[in-house]
Amino acid sequence: MPKREDIKRILVIGSGPITIGQAAEFDYSGTQALKALKSAGYEVIIVNSNSATIMTDPEFSDAVYIEPLTVEFLEKIIEKERPDALLPTLGGQTALNLAVELAERGILDKYGVQLIGAKLDSIKKAEDRELFKETMEKAGLEVLRSRLVNNLADALETAREFGYPVIIRPSFTLGGTGGGIAFNEEELRDIVTKGLIESPVHTVLIEESVLGWKEYELEVVRDGAGNFIVVCSIENLDPMGIHTGDSITVAPAQTLTDVEYQRMRDAAHKVIDAIGIETGGSNIQFAVDPETGRMVVIEMNPRVSRSSALASKATGYPIAKVAALLAVGFTLDEIPNYITGKTMAAFEPSIDYVVVKIPRFQLEKFPGADPRLNTQMKSVGEVMAIGRTFKEALGKALRSLELDAAPKLDLEHIREHLANPTPERISYIFAAFRNGMDVEEVHELTKIDRWFLREMKACIELEEELKLKKFDVEILKKAKQWGYSDREIAEIWGVSEKEIRKMREDNRIFPVYKMVDTCAAEFEAQTPYYYSTYNGVENEAVPSDREKIMILGSGPNRIGQGIEFDYTNVHGVWAFQEEGYETIMVNSNPETVSTDYDTSDRLYFEPLTVEDVLEIVRNEKPKGVVVAFGGQTPLKIAKYLVEERVNIIGTSFESIEIAEDREKFAKLLKQIGLKCPPFGTASSVEEALRVAENLGYPVLVRPSYVLGGRAMAIVDTPQELEMYVKEAAVVSPGYPVLIDKFLEDAIELDVDVVSDGKYVWIAGLMEQIEEAGVHSGDSACVLPPVSLSEKLVEEIEETVYKLVKALKVVGVANIQLAVKDEEIYIIEANPRASRTVPFVSKAIGIPVARIAAKIMVGRNLPELLSEYFPYPTRPGVKVDKLGESEILPTPWPKMFSVKEVVIPFHKFPGTDVLLGPEMRSTGEVMGIGEDFAEAFAKAQIAAGNPLPTTGAILATVADKDKREAVPLLAHLADMGFEIYATRGTAKALQSHGVEVKVVPKVGEGRPDVIDLLEQGKISLVVITQSSDEPALVAVSHGKEPFKVEGRRTVGYMIRTTALKRKIPYLTTVESLRAAVAAIRKMKKGSIVKVRRLTDTWKM
């Protein structure tokens, strides 16, 4: 069937901020779909609250809205843009839930908008667990015994009937949020109570347990003519009971017989028919009992998902692109296979290699959280690796994770960790085999299929052989074929990695590169991407004779290094292409736009290690390598690349080193007359205590060479300092600990700056909303700044100019400043793209990363900026021509933009929600408004923490904050809020004439503060940290990964209860001040105003 002519304009809903369970894969699938719909001749409107996405770049659609993803805002956009259709299958759970709500509230009917890609009826059948079960049973498919309940009593009754353990799955939540496994009544009470709160419809499914069964997924696509294909089978290495997002997965499935696979394929076809999926991609999960072969359908997602992104990257079949075209009426036999250019999308992909995905966790960021893996997803990112065999792919995937070696454990600890899986489980399996355990014993404890365990055990046996045959060429070859890195072999042989590399070179042991082409090399690929293998002879990655630039990606998403760096990578690729270079992308992350088959000219799906990168350089011989766009990952290996005479494009490695080394950096600042906070370094506890004594408390402590403020802290006493120094030594072994004088009550600024070596341009000057001491990645920020004087802005421009020139920046850099008593201090400089580059680009309407990339290959900055000139500048700043001064004018948009962060605290009950110098946010949203108050209010709604305009406020404020907080709370009382406060805060409020209800702290009488929160009487909590209340910190003690130190105070109990009950909370005076302004604005009139992003630039 040809495309539908009855629709012209299509609205696509994005997935919002990156959270656990919904990450960069939706930017990748959304971008792909937008390109497909535009090329088919449709007008496209995109709405997303996340500015760090390629899909919100204006070139991919006819209208971009960066607005909160709520029904109210969507209705306004629909009213304004009048789309004919809504495609909700590309924005994850968020978009599906919104589509259901828009339909049920009659909004789609009101404006004549059709749902395409998935009918309302189908979404409900797939998403509503009770309906899904009924539908499957009618289709003759087996599902697990289960019951939907909406209260605790029914849940207890059901669990008694089914027998423990039982699985609890809240309806309509993401990544298993609020769910879990209950082994007894006490656990059931706890999980069900949380699950009923998390579920938007307040129901949970109690399901019989299939712990230990094998889990499989099929990625399927179907068109309107009934054609059905399986794109890829995926096997979870981990058994049922661990969320598939936290499982190690393998494609294609390795342990299914052909008969079992056909049975599963037939069942998948029946599922699609029964649910009524007429067009698009779906993901269907099955569980198989390894003893009896009994197969049950677990669930299906009627949309593109994390697994479909993985399946697309594993096979080269662009599921999202195909699904978008199917949604507008095309059939599979009308859509070309974009990789071969010869076949059609109706051909099932065939693959002659193995793909392994491993999740990346960061539980150390959430002290107090339960590290055990269960049905609630906890990982923040993932890597994918390709090899000719499972062993090779597994080895490559493990080194892509960029993790440190696991702690050495005794057998007792190993057994415990195998039985209770944690993120380190794979290390423990290898440790078990090293300690002499056999396959059967490990299988009993882990329920992982014996085939995988035998493969892993063989690797450990090879290690023993390596120890016996030092420098044997044949055993070296075998180790390389089995996925061992030069570094691992070097460790076993007790030599340097360089020596192993030389031995390989002397014996001509090199990898060859094979192609991912969807058809096992049956047809020639037009848009090739490659993986390395030592199990092959012919090199399929034959380099062209064009001038090439290689861009190093950022590897797996993690806290501190997320989708923002992929955004800058992709913009870099496009810029180099526009300048006539062939682009080579190297990355290991399957969720991203950078690893899409048509982003760069050539894609290498490889680990970002020195060894893997050097091999690609050997094959491609690029003009140079770009390390400035991928965050800390490429910077970490830059030194070794320079040693091997690889040309680094952009800012030189010498400058990178000066910026990373505190002593060298301080010396440079002194030479050019700039200030930094006084600091010292220490290599022992004694030395640290001495340094802190000289600087005076409070001090800021951090290890060198870390990302996202890992193990950073503000310390007030010598006792706390001692505890922290021990932790820092574990995080960054062999490097000294840095100790800074902490600047209290300073304003922190974040500056994104671009330079071509002569001219310097501040692209974004952002003011942090949170107090100094909160990691800039966790603080909301505003552009343009709201509290800087004209004189101060000019001084900042001069300061940044001096520093950028001294560091010889070519391209982009990020500088963090603090202003205290009108003095400017340099906190740090990063000569690379920062996580704020996408936000700045969207706020000012100028593609910062693209301009920076072009500068790296010799373009002139004023000439590049002239395309966007005149842009809005500060009131009173008049510039007729760019380039008259070496300091180019700083953009000063008329609209205010606020970046707010999203932190996954609800995934980790038990973690304290206080903000500090260690970054914990996974994603961000952007609020745009006529003034700061409107932008801040919209950012809070977008982040899922809408501020209330009526109700009661609970206030408990530390003594140090009372002077500033009391007048702000008085404003809220004047606006009609009822104020409850603990004794000390109440006294301070009463002395200002504020009417307040005194509420006892825990232990001072009932009903107390916690009772008040549990009763649902409070709509906002204001609680600041008192100086005698230590934050909880994760401290490593060798054997056990993390233990929590610090006591659980009343403040901690209030914060965690507010989080559990989904009550908005403010933990700093600064956020209270911003909230008061936002609430006042909201009380004056609606802030549900929507504007096209491009219109906000013209104001």
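For all residues, glycine too, the Cβ spot is worked out from N, Cα and C.
Pulled from Swiss-Prot, these are the features on record:
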BINDING   R129, R169, G175, G176, E208, V210, E215, G241, I242, H243, Q285, E299  ATP 1 binding site
BINDING   Q285, E299  Mg(2+) 1 binding site
BINDING   E299, N301  Mg(2+) 2 binding site
BINDING   Q816, E828  Mg(2+) 3 binding site
BINDING   E828, N830  Mg(2+) 4 binding site
DOMAIN    133-328  domain 'ATP-grasp 1'
DOMAIN    666-857  domain 'ATP-grasp 2'
DOMAIN    945-1099  domain 'MGS-like'
REGION    403-541  region 'Oligomerization domain'
REGION    542-944  region 'Carbamoyl phosphate synthetic domain'
REGION    945-1099  region 'Allosteric domain'
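Taking a C-beta cut-off of under 8 angstroms and a sequence separation of 6 or more, I242 (ATP 1 binding site) has the following same-chain neighbours: N236, L373, N374, T375, P421.
A 10 Å cutoff on Cβ-Cβ distances gives E828 (Mg(2+) 3 binding site) a total of 15 other Cβ atoms nearby, all chains included. Distance from the CA of E215 (ATP 1 binding site) to the CA of N301 (Mg(2+) 2 binding site) is 15 Å. Comparing E828 (Mg(2+) 3 binding site) with E208 (ATP 1 binding site), their Cα atoms are 54 Å apart once rounded. If you take the Cα of E208 (ATP 1 binding site) and the Cα of N830 (Mg(2+) 4 binding site), they are about 52 angstrom apart, rounded to a whole number. Taking Cβ-Cβ distances under 8 Å and a sequence separation of 6 or more, the neighbours of N830 (Mg(2+) 4 binding site) in its chain are A659, A813, N814, I815.
DSSP gives I242 (ATP 1 binding site) a coil state; it is part of no helix or strand. Around the Cβ of E208 (ATP 1 binding site), 18 further Cβ atoms fall within 10 Å across all displayed protein chains. Here the candidates are the binding-site residues R129, E215, Q285, Q816, and by Cα distance the one nearest E299 (Mg(2+) 1 binding site) turns out to be Q285. Counted over every protein chain shown, other Cβ atoms within 10 Å are most numerous around N301 among the binding-site residues Q285, N301, Q816. Q816 (Mg(2+) 3 binding site) and R129 (ATP 1 binding site) are 49 Å apart (CA-CA, integer value). Of all Cβ atoms in the protein chains displayed, 21 besides its own lie within 10 Å of the Cβ of R129 (ATP 1 binding site). Residues within less than 8 Å, Cβ to Cβ, of E215 (ATP 1 binding site) and separated from it by at least 6 positions along the same chain comprise E235, N236, D238, P239, M240, T244, S247, Q285, F286, A287, V288, I298. Within the model, the region 'Allosteric domain' (945-1099) shows a mean pLDDT value of 85, rounded to a whole number. Counting residue by residue with DSSP, the region 'Oligomerization domain' (403-541) contains 73 helix, 11 strand, 55 coil.
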